[in-house]
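In what follows, a structure is listed as structure tokens, so that the remarks can point back to it.
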Amino acid sequence: MNNQFEGRSFLKEIDYTPTELAYLIDFASHLKTLKAHHIPHPYLQGKNIALLFEKTSTRTRSAFTVAANDLGANPEFLCKDDIQFGTKESVVDTAKVLGSMYDGIEFRGFKQSTVEDLATYSGVPVWNGLTDEWHPTQILADFLTLKEHFGHLKGLTLAYVGDGRNNMANSLLVAGAMLGINIAIGSPVALQPAPAVVALAQQYAQAAGSTVVITADPQQAVTQADALYTDVWVSMGEQVDYGERIKQLLPFQINTALLAATGKSSTIVMHCLPALHDLKTQLGAKLGEQYGMTAFEITDDVFQSKQEVVFEEAGNRMPAIKAVMAATLGNLFIPTSIFN
């Protein structure tokens, strides 16, 4: 077999080995270079791709659409209101139908079990564009961004501050440990990662020679961090008292003081977006008026600083997703010997 990715789904980071994840990051970098030099790479010429969305999206939808087009494939957007998905037709039946017509399926939605069922019953590669538990394509983009800035991943220190139970915290914790990145999660005790996720990360960290720190002290979390990462304080679809969440997470806001607490002038600031860094959105304006705040998980001065790389991350979603689709569906020659 010339390509050990061929026909495989990408549902969560641990579906692949650390070496395979590292390969996909480098492959994404290569595809980004081809795009920058206007070199065609239609590895999926004639393929048809279903883009199945339960949740709204800017970056994921755009990245999958452009990546598919660049690869020569035909993407078809299917939102939950377009089809009978989960209402009048089961996930299993939908998977079988889509698998009979499409060569690959992207899913962005709520339950991890949904994307797992799509992969089990469709018979084609399925790619997780986001679920409540994992966000693997975002992680590839994030780590591509880290590698572009620092030249390597192993030995870097990344601190995530905020809601430690969400998909980004899970993915950063586990995938970072897999690739030898020292990971610190700074969250209040009530919002720290699930013990099973922490145990999994610790297992990978031990093998990779990296460290995992879970702490309720934001200053401890960010000490000597090469990268600070945060995400929205309330995830899409989550029913929560905003006032209580703000009270819990305000000490973990990325601001100039927390950035300075890293002790490094070279620290970069990351966010998967969208970000409530000002009041220029309907939600931001509403919350700002209600709670007397001008920013939430990250202040605008830090978001606009030279140390932020959030829009580089956003742009890297496309080559990262392109790498996953091409590797799993493109009949490429990828010698298995490089993974031994």
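A Cβ is built for glycine as well, from the same backbone N, Cα and C atoms used for every other residue.
Here is what Swiss-Prot records for this protein:
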type	residues	note
BINDING	SER57, THR58, ARG59, THR60, GLN84, ARG108, HIS135, PRO136, THR137, GLN138, CYS272, LEU273, ARG317	carbamoyl phosphate binding site
BINDING	ASN167, ASP231, SER235, MET236	L-ornithine binding site
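Structure with Swiss-Prot features highlighted.
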residue : record                           : Cβ neighbours (10 Å)
SER57   : carbamoyl phosphate binding site : 18
ARG59   : carbamoyl phosphate binding site : 21
GLN84   : carbamoyl phosphate binding site : 12
HIS135  : carbamoyl phosphate binding site : 28
THR137  : carbamoyl phosphate binding site : 30
ASN167  : L-ornithine binding site         : 24
ASP231  : L-ornithine binding site         : 26
SER235  : L-ornithine binding site         : 15
CYS272  : carbamoyl phosphate binding site : 24
ARG317  : carbamoyl phosphate binding site : 28
- Note on the structure: Candidates ARG59, GLN84, CYS272, ARG317 (binding-site residues); nearest Cα to SER235 (L-ornithine binding site) turns out to be CYS272
- Note on the structure: Rounded Cα distance in angstrom between ARG59 (carbamoyl phosphate binding site) and ASN167 (L-ornithine binding site) is 16
- What kind of secondary structure is SER235 (L-ornithine binding site) part of, going by DSSP in three states? coil
- Message: Using a 10 Å cut-off between Cα atoms, which of these binding-site residues sit near ASN167 (L-ornithine binding site): GLN84, HIS135, CYS272?
- Response: HIS135
- Item | Three-class DSSP secondary structure - THR137 (carbamoyl phosphate binding site) | helix
